[in-house]
Structure formats: structure tokens, C-alpha cells
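S.K.: A single structure is presented below for examination.
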Amino acid sequence: MSNTMIIGAAVLLVLGILLFFKSAKVREENGEWSGALQWGYLLMLVGAFGLLSTQISFTAVLLLFVLFTGIAWFVHRRRQKKNPSQMDDNHFTDYMSGFFPIILLVFILRTFVAEPFQIPSSSMRPGLISGDFILVNKFVYGIRLPILNNVLIPVSKVERGDVMVFNYPEDTRINYIKRVIGLPGDVVTYKDKTLTINGKAVNDIDEQKLYNYAEQVPNFGIMPIQAQQVTEQLDNKSVEVLKMPQQPSVILQGVRSFPNRELCTYYPDGSGFSCTVPAGKYFMMGDNRDNSEDSRYWGFVDDRLVVGKAFLIWLNMGDMKRIGTKIQ
């Protein structure tokens, strides 16, 4: 979350607290609580949600709010059962209990069914571009325990070639999207622009063609970029990828120290690398092969970091024709 959003959340929280203390705590003639009190509670909730999201994952914040409003709902219901003819005179439980069904529904849908994401960069071009809003299937890889993300009920396994959203290993509050290239036990090699998996080259199945796009580059502004677009046959999937012959296959200065780093070998001239994927982990790469920060730089993705499989573009404000496009 940016500093602007943090400041905004803090301002909302403070405004909510001020409204709460200045508002009347008795019901009006129509039986409703005062507008100032209701707005105070709402602003405090939104502000607290925003600030907590800077410290822990969005799912963890949702779970906390489910528990928080759920307790208020339970207390409110008990009071109603004891005195069915009377309204709950406790403004806290009466107001907060109303949020419980909504937050619970959002939590269930977002945790177990589907979740929206926005593509932030060009690392998955040509298939996904910056500004695409996508939907991610959360149950395709199994029903997972919230927060811990261990599989409770298996559904299907991660397959090579899947476009997968996952928690970034270096900061699990951030979500990344890449394509699954290596499964546990695979040997992934990328050298001289050729991808090889377990000793078998992933071949191009059509002729190269030029692909041009523009990208915001720090300190340089918007820059035109030219790449070669090819179609690769990755197992049973046809995958459109971009390659830049003038760029190294890996920028060695960008390679970090990561768990199981000893399982990777990097060629000194930057022409490529070779990694053996350890058990329970995946090797991820962007389709924009030479303009993607991925597993070659920050390492393997643990299965517990898996969020889901991307399957649909549901919005792009800059190109409405992309709406409804299935993600391959």
C-alpha cells in the first residue's frame, strides 16, 4: 500500500473516532441511530481495515473482521431472543452485527471461490497487459486453510503452463502472476533464448513476428520496446511469448540469495541458467521472457504461497475488446 493510501486510511480512522465521540448515542424518533454515529463506525471500520492491510495479508484482515463482527452479531442475536419486542439499545452490537453477513460472504467468495486482481506490469505480455483486471479461480488447486494456505481438500494439481497467481516469496503481502514452467523435480534451463525442461527443448511452433509496445521505465519515462513474438508448445498448451535477442537471458546483478539457491547454476556471461526444482515448489517465469522478474531472480514458489489459477479478463478500461478474454 502506498504512503498516500496509508495516510488516507489514518485520516478516515481519526475522522471516524471524532464523529463517534461527538455523536448522540440514543436512537432517533424513527428508531435509527444518528447519522453521525453510523458514519463514525463506518469510517473507523474502513480506516482500521486499510491500516491493518499494511501489516498483514488482506485475507488475514478479512478473517479478523469476520470474527470481530461475528461476535457482535452473536451478542446482538442473544439480546433479541431474550427481549424480542425491544430493540438492541447497545449501538455497538446493533450496528456492527449488520456488517457480519456481508463481510462473511466476501471472505468466503474471496478465499474459496474467486478473486479479482489487476495486472500491474508487462511481464506477462503478450497475453496479459498492464491494466487488465482478471479473475482467479481459488478452488481449482484445492480448498485451502485460510492464512496457513495448506490444502484441506485436494481438487486438481498445478500443471506446467498454468498462469498462476501467488504470494511473492520476498513479501507475501504482494501478489505476483507468472506462468508455471517447472514442477517439483523438473530441471529448467533457459540458455540463448531457448527453454529446456528435463533435457527436452520447448520448440517454437510458428515463425517469429515483431511485437511493439510502450512501457513506463523508472527515470526514463515511457519507452518504446520491440520484441520477437513466438508460439511455444509447452506440454499440451500453446503459449505466446516474447523474446528480446539483444537482452541477456538473465541479468546476474539482479539475482538474489534465496532458499535452495544452490540448486541453480548461472552462466557467467548472462546467457542463461539451469535450476532443479525442489519438492513442494514451482519455478515461475513471465511470458515476456527477457523483461520479467521471476524465479530466475528471487527463487522458487512454495505450494503454500499459491493463490489460484488466472482464467478470465473481466475488464480493461483502455481496451474494452479484451473483456471476456479467456486466459490461456
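Each Cβ is built from the backbone N, Cα and C atoms, and glycine gets one as well.
As listed in TrEMBL for this protein:
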type     : residues : note
ACT_SITE : Ser123   : active site
ACT_SITE : Lys178   : active site
DOMAIN   : 94-314   : domain 'Peptidase S26'
TRANSMEM : 42-75    : transmembrane segment
TRANSMEM : 95-113   : transmembrane segment
S.K.: Compute the C-alpha separation of Lys178 (active site) from Ser123 (active site), stating it in Å without decimals.
M.R.: 8
S.K.: Could you give the residue numbers and ranges of same-chain residues that sit at least 6 residues beyond the transmembrane segment (95-113) on either side and whose C-beta is under 8 angstroms from one of its C-beta atoms?
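M.R.: 33, 37-38, 41, 45, 59, 62-63, 65-66, 68-70, 72-73, 75-77, 138-139, 143-144, 146.
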S.K.: Sequence gap of 6 or more, Cβ distance under 8 Å: name the residues on the same chain that satisfy this around Ser123 (active site), in order along the sequence.
M.R.: Lys178, Gly286, Asp287, Asn288, Asn291, Ser292, Glu293, Asp294
